[in-house]
């Protein structure tokens, strides 16, 4: 049991701690309670983000997840052979040896970024099973106070504490560990003490989020359009407009099936992708044997140097097409919540890599003989007897490729919303077994509409490819920067390896970025415009959220004011329990006096409830609630913080109230059992009383009898309190929701007025309301409105 004075004097904090409290003497000779506890949040933090599901995972489950990986993760990477060569050589092949250079670029880019960076490094930088840029941001938030919302609590410090490495090391190892810890502490201090650095980190995170969402719109457009384009070979009468509208029809069906969930879609699509990979791998082997097996020389990286030496600036520009070979790698990371590391590595190494590399090598062998067919390299290199099966599988696999990025967008938005960086939308958990599998109806509708608009407007895979490339490489570059911070702050890797990682990946990704930005006017503006809008939405929402929180925090109601309000003669105590929802995690919100002034009555038991998301995936239900009692105790006013991880789903109102009241009764019991002992400050050794306040001069029998009497009285007292709370709950529960209207101050700048009064107001009116997010029954809902000038 831990007891302390909370913010806003007169509040007593008792967290649901160990059942065996111990005592310690402070430096002033005072007896205090000591808490020794390691809860599930502590254990999550001490893992440093290591998602080791495979350690306790059976092979049957691993193989089943590996099978689903094909249907969810690999569609985008697996369908890249449809358009990589045509986009890279959009001006034609100048020299047949250029094919060796491009194939070598594809091989080593694929190995470097997809295998080394994502499959073997980034997947291990997950946040206890969650991947993506926001998961990296939350992982950093657990090790440094980088959040812009000032709602951290001392209890969170305990839960998010990082266990120190054992001091029982060899001297040389200990010196290295000490240096790494000093370096990590320096980075931690920089992140916590520099507001510009924290803002920059946040902006990079939401930029990556915006790019991922934009990519979820562009991937379906380019994948399906490139697959449908193969119809022109067998149906020359089809024009571009007809191909575009066929693509739109397929896109509509794709987004319509998203509501069935990733779990079902994965089982449905996995056989399709497996057949597709077997087909393109087999066709690749055929082309190597039939045309030019010598292209396998491209595994020698010297052909990359020869390619750039021969083509110069043109070779640099062509990198915008080469990078399309590793599109979809971010989905491997962001969709990790649905799968395990071992299942991804297994299916990737033995299924995806051989098939895709054989497909690229086979096309290169074919184009060495028929370079004029580069505009339709994939279908032209496919044997005619396999054309129709290939076309059907290409269409199906393109749909699957789109599924990977759509799932990635859903997961990313779910994380960002939980961290207060995205407007409130409905998140549907589509699987009871895997909480990372979600579906967001509003986002699905917007993504589907945007994909159709881009397809109709662009009408060409080359234009969409340029836009697609910017999304891919920007997200990868931001991931590299965040991974570098994780290596220093969380993993505490040797600085040499950190520099190698940062230099190699940041430099190569920057070269790719400059290449795609060169063609900004030829389609690159599409994701930039979409991301700018999305960043604006997230930035406005988060900015006003932070400002509103600070406004309420600066105007918390004092203890004297609370006593005055609840002691009014005209104030009536209504039977039942009232749950007053507020964003504040400490203190009484300013809307409470407003409620008393308008409606001079409150419930017999009143709890100020804050729903708070911690930067961890899950919070154990037994550790969900923190309570404080607002003094004086006879008024039955409590503060409650309900803590969730960003992947936890909120319970419905009935279950939430039942769990809250149960924990509140435990809290009342603990206050009665330990509260008095914790408040006793015993001067040792001059005190005439022991730690229980019993005179030392009393005989042993008298002391024992007095202890028993007090124990019986305390048990009887807390039993009465528990029964009282239970009776009040049975009389009814009312949910009181503070609806604050936020406006800019009259003398604010024009920009601030536009952001707060118009942009934020529009978002707030059109997103889901708080009562729907909290699943509050309308028959038990009371809304209290108040205007804030920020």
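Cβ coordinates come from backbone N, Cα and C, glycine included.
Some features that Swiss-Prot has for this protein:
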- 1-64: topological domain 'Cytoplasmic' (TOPO_DOM)
- 86-98: topological domain 'Extracellular' (TOPO_DOM)
- 120-198: topological domain 'Cytoplasmic' (TOPO_DOM)
- 220-236: topological domain 'Extracellular' (TOPO_DOM)
- 258-264: topological domain 'Cytoplasmic' (TOPO_DOM)
- 286-318: topological domain 'Extracellular' (TOPO_DOM)
- 340-345: topological domain 'Cytoplasmic' (TOPO_DOM)
- 367-385: topological domain 'Extracellular' (TOPO_DOM)
- 407-437: topological domain 'Cytoplasmic' (TOPO_DOM)
- 459-469: topological domain 'Extracellular' (TOPO_DOM)
- 514-519: topological domain 'Extracellular' (TOPO_DOM)
- 541-790: topological domain 'Cytoplasmic' (TOPO_DOM)
- 65-85: transmembrane segment (TRANSMEM)
- 99-119: transmembrane segment (TRANSMEM)
- 199-219: transmembrane segment (TRANSMEM)
- 237-257: transmembrane segment (TRANSMEM)
- 265-285: transmembrane segment (TRANSMEM)
- 319-339: transmembrane segment (TRANSMEM)
- 346-366: transmembrane segment (TRANSMEM)
- 386-406: transmembrane segment (TRANSMEM)
- 438-458: transmembrane segment (TRANSMEM)
- 470-490: transmembrane segment (TRANSMEM)
- 493-513: transmembrane segment (TRANSMEM)
- 520-540: transmembrane segment (TRANSMEM)
Below 8 angstroms Cβ to Cβ, which residues of this chain, lying six or more residues outside the topological domain 'Extracellular' (220-236), approach it?
75-76, 79, 82-83, 243-244, 246-247, 250-251, 254-255, 376, 378-380, 387-388, 390-391, 394-395, 397-399, 401-402, 405-406, 451, 454-455, 458, 461, 464-465, 468
Determine whether the transmembrane segment (99-119) and the transmembrane segment (493-513) share at least three Cβ pairs under 8 Å, counting only pairs 6 or more apart in sequence.
yes
Closest-packing stretch to the transmembrane segment (65-85), where packing means Cβ pairs under 8 Å, from 199-219, 265-285, 346-366, 470-490, 493-513:
265-285
Segment-segment contact (the transmembrane segment (386-406); the transmembrane segment (319-339)) at 3 or more Cβ pairs under 8 Å:
yes
Could you pull out which residues elsewhere in the chain have a CB under 8 Å from any CB of the transmembrane segment (493-513), counting only those six or more residues past its ends?
112-113, 117, 121, 176, 180, 183, 316, 319-320, 322-323, 469-470, 473-474, 476-477, 480-481, 483-484, 487
Residues of the same chain, at least six outside the transmembrane segment (199-219), with any C-beta under 8 angstroms of its C-beta?
76, 132-134, 136-137, 140, 146, 148, 191, 327-328, 330, 334, 401-402, 404-406, 408-409, 412-413, 416, 421-422, 443, 447, 450-451, 454, 464, 467-468, 470-472, 474-475, 478-479, 481-482, 485, 526-527, 530-532, 534-535, 538-539, 542
Stretch contact, the transmembrane segment (470-490) with the transmembrane segment (319-339), Cβ-Cβ under 8 Å, 3+ pairs:
yes
Which sequence positions outside the topological domain 'Cytoplasmic' (407-437), separated from its termini by at least 6 residues, show Cβ-Cβ distances below 8 Å to it?
72, 129-130, 132-135, 137-138, 147, 149, 202, 205-206, 209, 212-213, 215-216, 259-264, 330-331, 334-338, 443-444, 447, 537-538, 541-542, 545, 613, 615, 618, 644-649, 763-764, 766-770, 772-773
